[in-house]
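First the structure, in the form of structure tokens, and then the observations on it.
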Amino acid sequence: MAPHLNIVPSMFVLLLLFISASKVQPDAFDVVAKFGAKADGKTDLSKPFLDAWKEACASVTPSTVVIPKGTYLLSKVNLEGPCKAPIEINVQGTIQAPADPSAFKDPNWVRFYSVENFKMFGGGIFDGQGSIAYEKNTCENREFRSKLPVNIRFDFVTNALIQDITSKDSKLFHINVFACKNITLERLKIEAPDESPNTDGIHMGKSEGVNIIASDIKTGDDCISIGDGTKNMVIKEITCGPGHGISIGSLGKFQNEEPVEGIKISNCTITNTSNGARIKTWPGEHGGAVSEIHFEDITMNNVSSPILIDQQYCPWNKCKKNEESKVKLSNISFKNIRGTSALPEAIKFICSGSSPCQNVELADIDIQHNGAEPATSQCLNVKPITIGKLNPIPCSGPVPKTPSATA
């Protein structure tokens, strides 16, 4: 009989475990069923969304805010923590911003602030409806641009997973990550017209432990741009294009910028972009440092500047052209990069005369020019370390003497 006596307690323990597991399932806060949201594309979602967030954030057990399928108009929303327990947002529907840029007085549309243990998922779409903004966003119209909203902002967010979300036609950046730690963005889809200005796919700064994985980015500016203070970051399995490539920077434009270090970009495909793997710093008086940057296993398809270090970065020729960049670049590698260049200059290393690039490595490079001329490589103020087979031959071409005007 003793063996049978042992079975009953075991079954009882399993039952208790099952009951306990069922209790830790997140409580659902449905913006339609519980908070009165209407998926009619006209009624503002802001209050139901914020009310659902506040109630979920105050819960002492894990919770999920649910936005069901349908089309919702959202004027803007600021979702703040800290929350008392882990919190999720399950976005199944399409959330649209007001199309008129004048509806925004600051650069925020959907903002998450000071949230920990957060997840957003569901296959939903954040549609910035940016077409009117694109027409008015010119180099001269700075005041207008300063009020354009980012589609989704993550500010001071820790331990987060953003998964299976689409950002469409943002008026400015699609996603901005600032002062975040341990945040993963995975299986995202980002799309805007190739002529849409300042629509960086994902931009980050002053963040650590950011991972961007298995995402498709088509936009009018950098697919991914990495600002100052970014550390220990992984970017992999990205398809980029159209756009301006994957960029470190721009850096050196402002005082007291923090170092960028420990960035690995690998297993990416970049197609029909103006740049591929790029580091860009401004000429002028402000310093900074960039180190341990590694581009590896990247395919370039018809990219105008596949490999580029540009320390004379000067978009629209608005910089101090006669000054050298004060940003120090060191320990940078480009390995196993292959494909085609739309222009003959497949590799450009334009480093600072006052602070030359240190320990720049080229290994196993094979980039063919799509035109009749052979691909070339240009070098200024750098002596790259070379490993393996290299095409084009390093530093084989002339060096431009004026700052570049590419964005």
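Positions of Cβ are set from backbone N, Cα and C atoms, glycine also.
Lifted from Swiss-Prot, the feature list:
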REPEAT    180-206  repeat 'PbH1 1'
CARBOHYD  Asn182  N-linked glycosylation site
REPEAT    207-228  repeat 'PbH1 2'
ACT_SITE  Asp221  active site, proton donor
ACT_SITE  His244  active site
REPEAT    260-281  repeat 'PbH1 3'
CARBOHYD  Asn267  N-linked glycosylation site
CARBOHYD  Asn272  N-linked glycosylation site
REPEAT    290-311  repeat 'PbH1 4'
CARBOHYD  Asn302  N-linked glycosylation site
CARBOHYD  Asn331  N-linked glycosylation site
REPEAT    357-384  repeat 'PbH1 5'
Minimum Cα separation from Asn182 (N-linked glycosylation site), reported as the residue among recorded positions Asp221, His244, Asn267, Asn272, Asn331 that achieves it: Asn267
Residues of the parent chain within Cβ reach of the repeat 'PbH1 3' (260-281), under 8 Å, 6 or more residues beyond its termini: 223, 226-252, 288-311, 313, 325, 327, 329, 332, 334, 337, 339, 352, 406-407
Three-state composition of the repeat 'PbH1 1' (180-206), taking helix and strand from DSSP: 0 helix, 13 strand, 14 coil
Among Asp221, His244, Asn302, Asn331, which are recorded as recorded positions, the nearest neighbour of Asn272 (N-linked glycosylation site) by Cα: Asn302
Alpha-carbon distance [Asn267 (N-linked glycosylation site); Asp221 (active site, proton donor)] in Å: 21
Cα separation, the residue listed as 'active site' to Asn302 (N-linked glycosylation site) (Å, whole number): 12
Integer Cα-Cα distance in angstrom, the residue listed as 'active site' to Asn331 (N-linked glycosylation site): 23
Chain-internal residues near Asn331 (N-linked glycosylation site), provided their CB is under 8 angstroms and they sit 6+ positions away: Ser291, Glu292, Ile293, Gln358, Asn359
Folded-back contacts onto the repeat 'PbH1 2' (207-228), same chain, C-beta under 8 angstroms, at least six residues removed: 134, 174, 177-201, 234-251, 254, 257-260, 263, 270, 273, 288, 407
DSSP-derived helix, strand and coil totals, residue by residue, for the repeat 'PbH1 3' (260-281): 0 helix, 20 strand, 2 coil
Packing count at Asn267 (N-linked glycosylation site) (other Cβ atoms within 10 Å of its Cβ): 15
Per DSSP, three-state class assigned to Asn331 (N-linked glycosylation site): strand
Where Asn302 (N-linked glycosylation site) falls in three-state DSSP terms: strand
Those recorded positions listed as Asn182, Asp221, His244, Asn272, Asn302, and which of them has the most Cβ atoms within 10 Å of its own Cβ: His244
